Structures are given as structure tokens and as C-alpha cells.
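What follows is a set of notes on a single structure, which appears directly below.
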Amino acid sequence: MELYLDTANVAEVERLARIFPIAGVTTNPSIVAASKESIWDVLPRLQNAIGEEGILFAQTMSRDAQGIVEEAKRLSNAVPGLVVKIPVTSEGLAAIKMLKKEGITTLGTAVYSASQGLLAALAGAKYIAPYVNRIDAQGGDGIRTVQELQTLLELHAPNSMVLAASFKTPRQALDCLLAGCEAITLPLDVAQQMLNTPAVESAIEKFEQDWNNAFGHINL
């Protein structure tokens with residue numbers, strides 16, 4: 001499986017990359033805007049933080065297919081190997097098809113249904129990003145959508161893969177992986193929740209206390 005961080009915070013990427021076996025970093029316009037840095041400045045810094053083998057994702061802003069393609073080319077030229085995120089609209093699907101012919105790797109984003117995700121895959125997107133928590137918030141079933149999409153890709157678009165996004169809890173992320181999802185991207189707070197387990201800290205403190213009581217120190 002592949003684990004990504006969903007952020008444009010370079011310092012946090014550097015910190016967590018030392019801990020997590022991350023495959024790369026995903027961003028979107030809201031994330032970049034929150035960083036208050038120019039996308040053209042922050043993307044190279046993020047790529048440097050994850051190393052040459054890390055995969056970086058950035059999203060287009062245009063609404064029409066030709067504009068999307070032009071922005072995708074700019075992004076690809078700025079950071080070679082970058083995966084371009086494209087919202088799966090009618091124009092987005094047209095752009096994905098054109099970029100496939102250009103050899104530019106894409107991710108279909110803002111996916112709210114399995115059928116929408118399948119269309120993106122058939123158009124040529126390598127990655128498909130269903131919004132798990134947002135689907136739940138709209139009264140749907142995010143995990144079931146991931147399961148259905150995963151099955152559809154295995155049957156009809158085996159060269160594409162689910163990269164699930166929009167998580168509020170570690171449980172949602174784990175349920176996606178149990179559903180067969182090959183990749184997930186975690187917001188920083190969810191990634192941190194996976195690390196912060198009070199019971200673990202209590203257990204370590206008990207080990208240290210017992211060792212210190214017996215030997216007068218807490219080293220081996």
C-alpha cells in the first residue's frame with residue numbers, strides 16, 4: 001500500500017517523513033492557500049522534503065478542459081514527475097483524456113460516487129480519490145463507495161488505483177484499507193492521532209518505573 005500526507009506544511013512533512021513510511025504528499029488549492037505560500041515556491045520545497053522517489057500531487061484551478069491541460073503542463077514542467085489532480089467534472093474528464101495522450105499522470109479528485117471514479121479511470125487517470133468523510137457528511141457511505149470503486153477498477157480499469165482522501169479519524173482510514181484500498185492520504189491531524197495513543201505512554205511509564213525501582217536507572 002501507499003501512504004501519503006495531505007498537506008503543504010514543509011516542516012511537518014520533514015518531521016513525519018522521518019517517522020512514517022510515506023510515499024509522497026498530496027495538496028489541493030485550499031491546502032496551498034492555507035500555507036500562504038505561492039504554489040510555485042512550495043511545490044519544489046515539498047518535493048525536496050520527500051526526496052526524489054516521493055510522489056507529489058498538485059491540483060489545477062481552471063474549469064474548462066483546455067485551461068486544465070495548460071495548467072497541468074505548467075505544473076508538470078515546474079516539478080517533473082508531479083501527478084496532476086483534476087476534479088472529475090465533464091471538462092475534467094476531457095482534460096484527463098488529453099493529458100493521457102500527452103503522457104502526464106493524473107489523479108481524478110472530488111469523487112463522490114463509484115461511477116464517477118470509474119469514468120475518471122476509463123478516461124486515463126492513474127489515481128482516483130474518493131472523499132470518504134465528505135460522502136458520509138452528505139448522507140452517503142464513504143467506505144462502501146470505496147469498496148464499490150475498488151471492485152470496479154479491478155474489473156474494468158486495473159491500471160488505475162484508489163487513493164482515498166478526506167478523513168476525520170484513523171478508523172475511517174483503516175476501514176478503507178480493510179476494504180482493499182491501495183493508497184490513502186492523511187491530513188496532519190489524523191496522522192498525528194495515529195501516533196498519539198495515551199495507553200502506550202502509560203505502559204512505557206510503567207516499564208520505566210519498574211526498571212528504575214529495581215536497578216536505580218532507566219537505561220539498559
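Cβ coordinates are placed from backbone N, Cα and C, and glycine is handled just like the others.
As annotated by TrEMBL, active site, schiff-base intermediate with substrate applies to K85. DSSP gives K85 (active site, schiff-base intermediate with substrate) a strand state. For K85 (active site, schiff-base intermediate with substrate), the number of other Cβ atoms no farther than 10 Å from its own Cβ, over all displayed protein chains, is 26.
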